[in-house]
Amino acid sequence: MTRSFSPVVSLFLLLLQTICSATVENAADCAAVGTLISSCTEFVNYGYPDPIPGSSCCDAMTVIGTYSDSSEKRKWLCNCFMDLINVYNSNATAISTLSGFCGVVLGFTIDPNTDCNFIQ
């Protein structure tokens, strides 16, 4: 019996590879964070369904969480999230609750008022 990956799993693995191979110095890497967050589109746009651990949205947040292992990377991720909040301002609350719904600790609070320069 031959096993095959679904297109969603293949895309997730490609995104995982993209973010894991990214460098902090490259501002274009925020696009990888945005791509991962795109799996949370319905929640960000409409406020439902709530993401739950094991969903594609929470899987994406887990990948992002693995990338917050230093102060420099947390500041970088914070700035990426602030950029997303600026673009999707009307949905800032949804974006700010993603890590909590998914049980992912990023080391900072996703909030429009967060000053990323003070993240440790």
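Using N, Cα and C of the backbone, Cβ positions are placed for all residues, glycine too.
Residues or ranges marked as signal peptide by Swiss-Prot: 1-22.
Feature annotation from Swiss-Prot assigns disulfide bond to CYS30-CYS80 (among others); the stated evidence is sequence analysis. Residues within less than 8 Å, Cβ to Cβ, of CYS30 (disulfide bond) and separated from it by at least 6 positions along the same chain comprise ASN79, CYS80, ASP83.
According to Swiss-Prot, the disulfide bond annotation covers CYS40-CYS57 (among others). Shown in sequence order, SER39, CYS40, PHE43, PRO51, LEU98, CYS102 are the residues of the chain, 6+ apart in sequence, with a C-beta less than 8 angstroms from the C-beta of CYS57 (disulfide bond).
The annotation disulfide bond is assigned in Swiss-Prot to CYS58-CYS102 (among others) on the grounds of sequence analysis. CYS58 (disulfide bond) falls within a helix when secondary structure is assigned with DSSP. Its Cβ placed at the centre, CYS58 (disulfide bond) has 21 other Cβ atoms within 10 Å.
Residue density at CYS116 (disulfide bond): 15 other Cβ atoms are found within 10 A of its Cβ, drawing on all protein chains shown. According to Swiss-Prot, the disulfide bond annotation covers CYS78-CYS116 (among others), on the basis of sequence analysis.
When other Cβ atoms within 10 Å of the Cβ of CYS40 (disulfide bond) are tallied across all protein chains shown, the result is 21. CYS58 (disulfide bond) is 18 Å away from CYS78 (disulfide bond) when you measure Cα to Cα. Distance between Cα atoms for CYS58 (disulfide bond) and CYS116 (disulfide bond): 23 Å, as a whole number.
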